[in-house]
Amino acid sequence: MIRLVTLAALPVLVLCQFDPSKWFMGSNLGGLQGFGALPARCLKYLEPGLSRGNRPPSHRFFFNSTSGNCEQFVYYGRGGNRNNFRDVFKCMKSCGCKQQRNGGVPCNPPSQPVIRYYYDTFTKLCNTFQHTGCGGNSNHFKEWNDCFFTCGSGFEW
């Protein structure tokens, strides 16, 4: 696959699977410092909100930037912040899929690395990488279709 991409007003020819995280390492293309950063809403702390009188609380999801995962919490119905999603899929699409790939850490006892898929926000593709089996973040999937349907721009939940 060949793509012509413009970055900082410079055309870049992309052949096959292009890994921008490796290509930009150590480069001084000034406009790209925030490249791969999570949106501000994903970095906000959990705020469960305030009670709405006699209405029962509901279960929602927030992105935990420390663990790198979407986690469930009890929302009381009023207030809070934008790190508050009705379902895990919206949380993943808004935050989890925007994390850079993370191969994890070696397990104890050690195990062989396995092939997983991660969503690359630059190319908008699901690519393979080696995962050690322990740790990492939520931007890793066992199957390509899980990656694409959760994170890809071709499908909305």
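Note: Cβ is positioned from N, Cα and C throughout, glycine not excepted.
In Swiss-Prot, C70 is paired through a disulphide bond with C91, chosen from C91, C95. For C147, the cysteine that Swiss-Prot lists as its disulphide partner among C107, C126 is C126. When the candidates C95, C97 are compared with Swiss-Prot, only one is recorded as disulfide-bonded to C42, and it is C95. Of all the disulfide-bonded residues given, namely C97, C107, C126, C151, the one with the smallest number of surrounding CB atoms inside 10 A is C107. Sparsest Cβ environment among the disulfide-bonded residues C70, C91, C95, C134, C147 (other Cβ atoms counted within 10 Å): C134. In sequence order, F63, S65, N83, S94, C95, K98 make up the list of same-chain residues 6 or more apart from C42 (disulfide bond) whose Cβ falls under 8 Å from its Cβ. Rounded to the nearest whole angstrom, the C-alpha distance between C107 (disulfide bond) and C97 (disulfide bond) is 24. Cα-Cα distances to C126 (disulfide bond) place C151 within 10 Å, out of the disulfide-bonded residues C70, C91, C134, C151. Here C134 (disulfide bond) is positioned 22 angstrom away from C151 (disulfide bond), judged by their C-alpha atoms.
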